[in-house]
Amino acid sequence: MGASARLLRAVIMGAPGSGKGTVSSRITTHFELKHLSSGDLLRDNMLRGTEIGVLAKAFIDQGKLIPDDVMTRLALHELKNLTQYSWLLDGFPRTLPQAEALDRAYQIDTVINLNVPFEVIKQRLTARWIHPASGRVYNIEFNPPKTVGIDDLTGEPLIQREDDKPETVIKRLKAYEDQTKPVLEYYQKKGVLETFSGTETNKVWPYVYAFLQTKVPQTSQKASVTP
């Protein structure tokens, strides 16, 4: 089956540590579509001091979640610049009201959901330790320091970011699940949800790749490259 000539409107979902960033990056390398990350968009608007950026920063500074209407305005404003392209939304929608607002503006064709067991994600995230002065990152499983808890170059102690501590990771994963469950159910009912389950990104990726080959053209310079 050949890729459809119609522009693709896609969303990618996955918990923190699910490999969503890696998969999104591979998708944009192999396929002709624009990747729109709500996190990058947010940082860019805050940096440029746009109206939405200033508004979002005020909520973040108070330790509050950015309201649905602000996130929706941010995403829809940017999507207006991408009407001629296929696109992949990453980090939006995160809540049911956001999904419904997006639906009123665009017909979503497919939602790629990366389903990685929480225990695997917990191991991935809690294995990360950093050397604060240099920003060097170690992973206890894939890239361990020569001496446990010590930076290879300076001999200084490594620390674990608050976000990477087991209790924080569990809270983040639970919050993600609570927030996105209604969104996944919403897309499931619409018949556009495609869930890819696995514990390793490299093993999940070929299935995502094969699925998208039927949906969107490949980039010409990468068309002959094996994923």
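Just so it is clear, glycine is given a Cβ too, placed from its N, Cα and C backbone atoms.
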Stated Swiss-Prot location of region 'NMP', expressed as one of 7-36, 37-66: 37-66
Feature region 'LID' in Swiss-Prot, mapped to one of the ranges 127-164, 165-202: 127-164
For SER37 (phosphoserine): intrachain residues, at least 6 apart, with Cβ closer than 8 Å: SER24, ASP90, GLY91
Contacting positions for the region 'NMP' (37-66) when only residues 6+ beyond its ends and CB under 8 Å are counted: 24, 73-75, 77-78, 89-92, 94
Residue among modified residues LYS57, LYS174 with least C-beta crowding, 10 angstrom cut-off: LYS174
